[in-house]
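Asker: Right, I'll just put the structure down here and ask away after.
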Amino acid sequence: MEPQLAEFVLKEEMTCQCPKMSDGAYDMDVDQNYFEEEVRLASFANFPSSYPVSAPALARAGFYYTGDGDRVKCFSCLAMVEGWQHGDTAIGKHRKISPNCKFINGFNNLRSDCILTQVPVMQNGFQNSAEDLAERSSSEIMADYLLRTGRVVDMSTPKYPRHMEMCSEEARLQTFQNWPAYSPLTPKELANAGLFYTGINDQVKCFCCGGKLMNWEPSDKAWTEHKKHFPECYFVLGRDVGNVATEANTHGGRRRGSELACPAMNDYNARLETFSSWSFPIDKETLAKAGFYSIGDGDATKCFHCGGVLNCWSATDDPWEEHAKAYPGCKFLIDEKGQHFINHAQLKRPILHKANSADASPALPKDSNLLKSPLVTDAQQMGFPLEEIKKVMGQKLKTTGKNYTCVEEFVSDLCAQKETVLEKPKEIEISLEEKLRQLEEEKICKVCMDRRISIVFIPCGHLVACAVCADVLDKCPICCTIVERRQKIFMS
């Protein structure tokens, strides 16, 4: 099997057409004074708190405050927006009024502290020639320096995925109608690995990165070859690029982050209407803003996007914070509040929402029945004690009224519980920033020291490697136990 190299691509500077812009012409250059999110956020010092969209959400969406009413301006496309209404989201509004804005188009995959640049984009390892570099202006050279030092992110790379029409695994599978019979790999395996058939010999292409592969051999594995030749592919790295797996590959119904749990509750007013008979101490409007709607069972609420359920609310609870503690991966939450907010909320764990009383936990099944569960068997094979398993299952039932349905979520909560137990209460107070740094270091792969840990080795149960490194390890780097199986988990 051989990779097909992509060609050199030079991206042109974007043009932005916004239906709701300030009068008159504007400079196409970005406002470099506000390309850092912290600077944009500082501009909202006098922003009225009564407005329906929060300052952090606006700053994260690329806006800074103009000082006039609720009017904000994008540092990148220079679009101005005002007249914010309940139910508006900063990112959604930005995309609607300025669909060509480079910053907002790259929002899902890139950092927010960026500026627009017009630099050549290299694909699959191609380098600039000396002639290309000699012709570049001083501003382009400065932009390249900023990119290399990590201060900004190049927004000129094309939006992922490259082939939106092939996001569905079923759609990719349909392209293999004339797949050559001599190929040793099945269409199902290739489609599952993000590849679709180009119609040329045995050549396939990734819907996300656009990488091409051909000349397959009997010993080849679709996922392995995809990772080997295109290791930077966002789909291979496990990022949410909109892939829609077939029902057989959804791992017990686990939903991708780009899909809504309840599309009918996408609108703020629709969520607010569900609280018509609400009599509990927490403000229903605040709950609706945080993405929750009432499910009609006491004070139980559910997020329209991630499907997370929270109950037992008190008057002092912050719905946004509780959302971040319990369901940090919710894309609506990330878009609205930002990763910094979520990280700080996570430091205030326990993640699980407060119950009304200590004895409010539903009874667990007896040990004999509990041990029959495949989830419990897998967890015990990873080295988790039965007492910890019972405790985490009880907390899950207390919080949601339901038990675990997929091993990834179960193992993730078990790991979080283990970290909490191992904490030393006598440690000296550490600043939030230091705790955050330590938390990030704990989640880094101990092999490459770059990507995040995501694979549990079985049977030893050690969680120390990312998906890329774990794929090439036959023995656990901690205890040298031979790896019989690898289980991917999703860390909160």
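These residue numbers are counts, starting from 1, taken along the chain as shown.
In case you wondered, yes, glycine gets a Cβ from its N, Cα and C as well.
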Asker: In Swiss-Prot, C303, C306, H323 are given as binding Zn(2+), so which of C312, C330 is in that site too?
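Answerer: The record-listed residue among the candidates is C330.
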Asker: What is the set of residues, excluding C303, C306, H323, C330, whose C-beta falls within 8 angstroms of the centroid of the C-beta atoms at the Zn(2+) site?
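Answerer: Other same-chain residues with Cβ inside the cutoff are G291, H305, G307, G308, A326, Y327, F332, L333.
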Asker: Would you identify the secondary structure of H323 (Zn(2+) binding site) according to DSSP, in three states?
Answerer: helix
Asker: What is the total of other Cβ atoms whose distance to the Cβ of C330 (Zn(2+) binding site) is within 10 Å?
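Answerer: So the number of other Cβ atoms within 10 Å of C330 (Zn(2+) binding site) is 24.
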Asker: Please work out which residue of C303, C306, H323 has the most C-beta neighbours within 10 angstroms of its C-beta, and give that one of the binding-site residues.
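Answerer: Per the Cβ count within 10 Å, the most buried is H323.
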Asker: Average pLDDT across the repeat 'BIR 2' (172-237)?
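Answerer: A mean pLDDT of 89 is what the predicted model shows over the repeat 'BIR 2' (172-237).
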